Amino acid sequence: MFRSWFSPFSVIPRHSRRSAIRTMAVMPAICVAHPEWIPRPGNKQIPSYRVYNKDIQRSERDERDYRVIRLQNGLEAMLVHDVKADKAAASLDVAVGHLYDPPDMPGLAHFCEHLLFMGTEKFPRENEYSEFLARNNGASNAYTGTSNTNYYFNVGTPALEGALARFAAFFHSPLFSPSCTVRELNAVNSEHKKNHQSDMWRIFQLNKHLTKDGHPWNKFGTGHKESLSRAAKDAVRASKSATSSRVPSPSSSTGSSFSDTEDGGPVGMETRRRLIEWWANEYSASRMRLCVVGKESLDELSDMTSKLFSDIPNRGEVESLPAIPDHPFGPNEKGTMVAVQTIMSFQAIEVSFPLPYQPAMWKYKPANFLAHFVGHEGPGSLHSYLKRKGWLTSLSSGPQNLAREFAMFKVTLHLTQEGFSNYRDVILATHKYLSLLRSSEFPPWYQKELGAISAMRFRFAEKRRPDDYAVWISEHMAWPVERDAILSAAQLVSEWDEAGEGEKEVRDILNTLTIDEGRAVVMARPSEFQRVFEAEGKVLNWELEPWYGTKYAVERFDDDFASKAREPNDIPELYLPEQNEFLPENLEVDKTEATLPAKRPHLIRQNSLSQLWYKKDDQYWVPKAQVCIDIRSPHANASPKESVMTRLFADLVSDSLTEFSYNADLAGLSYNYTSHSFGTYLIIGGYNDKLPLLLRHIFEKIKGLKVKPDRLDVAKEQLKRNWENFFLGQTYQLSEYYGKYPLYENLWLLNEKLPEIASVTAEGLQAHAKKLLSDVNLKVLVVGNMYKQEAINLTEVAEELLDPAPANPSELIDRPRILPPGSNYVWTIPVPNPNEPNSSLTYYLHLGSRNDSRLRVVGQLLVQILSEPAFNVLRTQEQLGYVVSCSQWGLPGDVYFGVRILIQSERHPTYLEERVESFLDSFKIKLEAMPESDFSEQKTGLERKWREAAKNIVEETNKYWAHIESGVLDFHRKDNDADMLGGVTKEEVLSLFLSNVHPSSSQRAKLSVHCVSCKPRPKKLSSKALLEVDAMLEKRGITLPLEWMDKLPDTETIPDTLRVLKEIINDPATIDIVERELTTLTEKYPDDSDRHGILPAGYVAIEEPKKFKDSLKVAEGAIPLVDWGDLPLSRF
C-alpha cells in the first residue's frame, strides 16, 4: 500500500506567490502591493497583534472561518471559528524536539514535555489543568518528536478560555516544581521500560544508532532516569556544593519550595537546573505555532489568543525553525544490509534511501508519486508478484520526513517464512521494480489521476475531532508556504506542468533509489536467522545497540548481488498499473433541507433472514455512505476449531480480494471483512457511486471462495504468528484480555485456539465455509448519500448471493457471565515474555445493568468523577507506572457494566492492588467532602459529552451500529441520560460507591487479574542497607570516601553497588565478602520499592479458570428496549 509519512515535524520552504495588486483611487497610475499583515491595535488587557490579510484556501464545503494572526512576540496562531462546534480545542507546536537535546542529557526535550504540565505561577496545583479539563468534558496530551514537541487539549466549548489560560501558562510561567522532578523522571523511565520490549521502538533506535559519526540523528529521544541524571551526578561529584543548583522556578511561587526528601537532593536539583536552562534557551515564542478551534467569533478568538499567549518570551536570536540539513546516511551506511534480531515473531525487510526533504516539493509531491507505484497492490505490482510466489504478506511504501531538512524513502515488506528464506530475491525484486520505473514512460494521466483523488479528498473532507484537527494544523503551520496555503499545500497535488518540472522531480529522486545509495534492514527472530543464514554458510558478527540492547549485524552487499540490482528489470510479471476504474463519476449529493437532523435510523425492511436499518444523510452532505453488515451464524464459534476456521475464512476472503479492491481503496472506497464470536462483519465505506459494485464483488467472493492450499498455509502461518506475538506484547493488554475471559460467555482463549490451527486443511475449511453460510441472520445498516431503494438493493444482493436458510436470531445473542455479590476473586498469571520487566493489574468492579436507566446514569457519573483522581494519585503522585487508567467497562451484549482500573508497572500486582484499594478508601473522604459546585461541574461536563454530535458519517454510523449490533435499539439513550443527569444527587453517587466500589462493602463484586513479570527485578539497597555497608567496611579497616554513594545510579541495586565499590576497593576478597553480605542486607532492610504488598483477607484465588468461568451465572442477553414501530410502513 502507499503510505504517506509526512511527519509532524515537517516544514516546507516558502513557496513564492505573487502578492495581490490594487490600484489606488487617488493615484490611478501607481500600483502598490496589498499588505499581507494588517496591524490590530490593542488595549490595556489585550496586546496588539497582526492579522494575515488573505483568505485561507479551504474546501468549498468547509463552513468554518479561518484567520492567521502573529503576536508581538512572534508566535503565530491559526484561529478556527466553528459555529456548530460542541467541543473546542487547541494545539501548540514548538519547533524543537529530541534532536536538540544536549549531548550529555538524552531525553531532555521529552522530560520537559512531562514536567511542563506540573503547575504554573497562576495555577500552581499539579493537576489543576487535568482536573479542569476533566470537569469540562475535556482531555489533553502531548508528544515529543525529533524536531518538534506538540501539546494539545479538547474541552467543552463554554470552558475554552479557562482551558487556554491554564494551557498558555505552561509556556510563559511553568514552575518545574522541584517536588515533581524525581516523579517525572520515574514517569519517563516507566515509559522507556514500557517500550523496551517493543520491536517498533527497538528498530527505530537501531536505525538512529547506525548513523554517520557525529550526526544528531543518533540521539536517544525517549530518555530514561539514568540518561537524564548522569550529567547531574557528574556535576555534583565535581562540586560538592549544591548551592548553585538551587535556582528559582521560571516563575517564583510558594509551590517551588525545596526539600531534600522530595526534590531528589543535589542530583535532582542539578537535573532541574539543566532543564530550566534548556527550556529558557529553546522554548521561544518565535518557535511556536498555535491553533485554536472554538465557537467564538474570529475577533474573540484573536483577542483571547493575544491576551493569553503574548506573555510567552521571545528568546531573540534563536532560529524560528532550526534545521539539520545534513543527511544521516554517509558512505558507510549506504550499500549495506543490517540484520536485526526481533522480540516478536515476524519476518520483514525495510529498504531505505536518502530523500530530499519532501515538503519543499509540496506542489507535485514526487515521492508520493513513486510510492503510488511501489506500494501498489494491483496486477503487475511488486506486491502481486511477491504474493503469488508465496513470499509476502504485506507491503507498504512512502516518504518519511525524519527531521526538518532530511527524509527517507522506505519500502517495507512483511514476509512469510518462505519469503524470508528468499530474502535476497525479495530485495532484488524491489530493485528490479525500481529499475522498471526508471525505464518507463509516465503518461500525464498518472499524475492527473493522483491529483483528482487528492482534490476529491480535499473537497469532501469531513470534520474530525477538534483536537486532532488542531494538531494537524499546528504541525503544518511550520511549513513555510504562504499562510493562505496552510490547509491546502499538504493535501492537494498539482498536475505536471508543460515545462516538465514535475516529472523532473520524480526522475531526480528515482535515479537515487539504487542499491548503492540505500540500506536494507532485515528483521527476524534469532531462530529464523539461524535457519536461513546457516544454510547459506553465513556467519554474522552480532553487536548490541546501547539503549535497548538490540542485537544486530551489518555487512555490505557483495559485488555480484549489487551488480544484479543495477541491471534493468528482467521480471516479466512486473508492469505499471492501469487506470483506476473505481474513481467515482457521480459526486452529486441529494441535499434536502431539514430543520434538525434525525437522531436515529429507521427499520425499512425485515424478514426471517435480515433486518435493514437505514438513514439518509441529512447533515454532512457528502457523496459518501457507510454500510455495516453483520452475518451471524450458529456455526461460527461453537468450538475453538470452528472459531479458528471462521477467522481463517475471513482472512482468505480478504486475501483473495486484494488486487480487485486496491484501486477502490485508492479512490476512497474501502472495506473490512473480519470474523467475530457470532460470525463475520462486512463494513464498506467511502464514495457511494461505486459502492454497490464493490459490495457485489465481495459477496461473490464470500460465497464462491475456493480455498487454495498455498494461500491457506500463508494465512495459517500469519494467524499463528499474530496470536503468539500477542503474548509478547504489552502486559496491560494481557491482563485486559484475561479479565474478559470469565465474563464473556462466547470467548475462547488463544491457548485453546492456537493448537487447532495446524489441523485445519483446505478441504476442512471449504466445508466449514459452506456450513458457516448455510443458515445465517443478517443485520444491515446503511447511512449516507443513498436512497432507500438503493439500501434495499444492497441487502437483496447479499441475500441473493449468500442464498442461506434463516438462522434463529434469538440464539445468536451475546450473553455475559456475572460476578456474584460479595465476591473478591484474584487470578494470577505469569507474563509469557521472560524479558518483560512490567507486570499489570486489571481491577474490575461490577455495577449492574444498563437497562436500569437510573443506575446507568449514576454509574457513569461515578466513573467520570473517579477517573481523573485515579490517574493523579496512582500515576502522577505514586508513580506506579506509565500506563494508568480508570474507565467504564461494558460486558458483551451492552447490558451489564462496571468500573475498570488498569495499571502496568514494574511493581508486583499485589502491591498495585493494595494501592488501588488505598486510593478507593481515601476517595470516600474526597467524595463525601465534594462541594456541590464541583459535583455540578462534573454533571455538566458529562452532559456535554453525551450531547456531543457525531462529527462525520463514520462517527454517526458507529453510534447507531452499537445499538443494532447489541439489539438494544435505544438510539436516544444519550439524550435521555443527559436529561436525567440533572436530577442525580451526590448522595446517589456516594451510595453506589459505598455499595459497589468501596473495599469495605460486603456486597461488592470484584475480579482482579494479576499478570506477573517473570523477569526478576534487581532488589534495591535501602538507605539503612547502604549505611550497614559503610559500617561493615569500617570494621574491616576500610573507610569509604564520603561521596561514594553519590556515584550510585538511582537504581542502587547490588550490581550497581559492587561496581562502585570495585572502583574504590582493590581487594577481591573483600569484594566477595561484601557481595555475600549485600544479599543478606536486602532481606534484612528491604527497600519500600521492593515490597510486594498484601492482599486483604477474604479473597479467593482462581486456580482453574474454566471451572471458575462455568461457575458464574449466565445473564440474559440484550433485548430491544424501544419498539420504534417503523414497520410495516416506514415513516420515511
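Count begins at 1; order follows the chain as displayed.
Backbone N, Cα and C atoms are what each Cβ position is placed from, and that goes for glycine too.
What you see is a predicted model, and the numbers here were worked out from it, not measured in a lab.
Per TrEMBL, the features are as follows:
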- 223-237: compositional bias 'Basic and acidic residues' (COMPBIAS)
- 239-259: compositional bias 'Low complexity' (COMPBIAS)
- 79-213: domain 'Peptidase M16 N-terminal' (DOMAIN)
- 271-445: domain 'Peptidase M16 C-terminal' (DOMAIN)
- 458-754: domain 'Peptidase M16 middle/third' (DOMAIN)
- 861-961: domain 'Coenzyme PQQ synthesis protein F-like C-terminal lobe' (DOMAIN)
- 215-268: region 'Disordered' (REGION)
Counts of helix, strand and coil residues, the compositional bias 'Basic and acidic residues' (223-237), according to DSSP: 13 helix, 0 strand, 2 coil
DSSP residue counts for the domain 'Coenzyme PQQ synthesis protein F-like C-terminal lobe' (861-961), split into helix, strand and coil: 63 helix, 18 strand, 20 coil
Within the domain 'Peptidase M16 N-terminal' (79-213), residues counted as helix, strand or coil by DSSP: 64 helix, 27 strand, 44 coil
Beyond the flanks of the compositional bias 'Basic and acidic residues' (223-237) by at least 6 residues, Cβ under 8 Å: 98, 101-102, 104-108, 110-111, 185-186, 188-189, 192-193, 245, 264, 266-268, 270-271, 274, 1043, 1046-1047, 1049-1051
Segment-level pLDDT (mean, integer) for the domain 'Peptidase M16 C-terminal' (271-445): 96
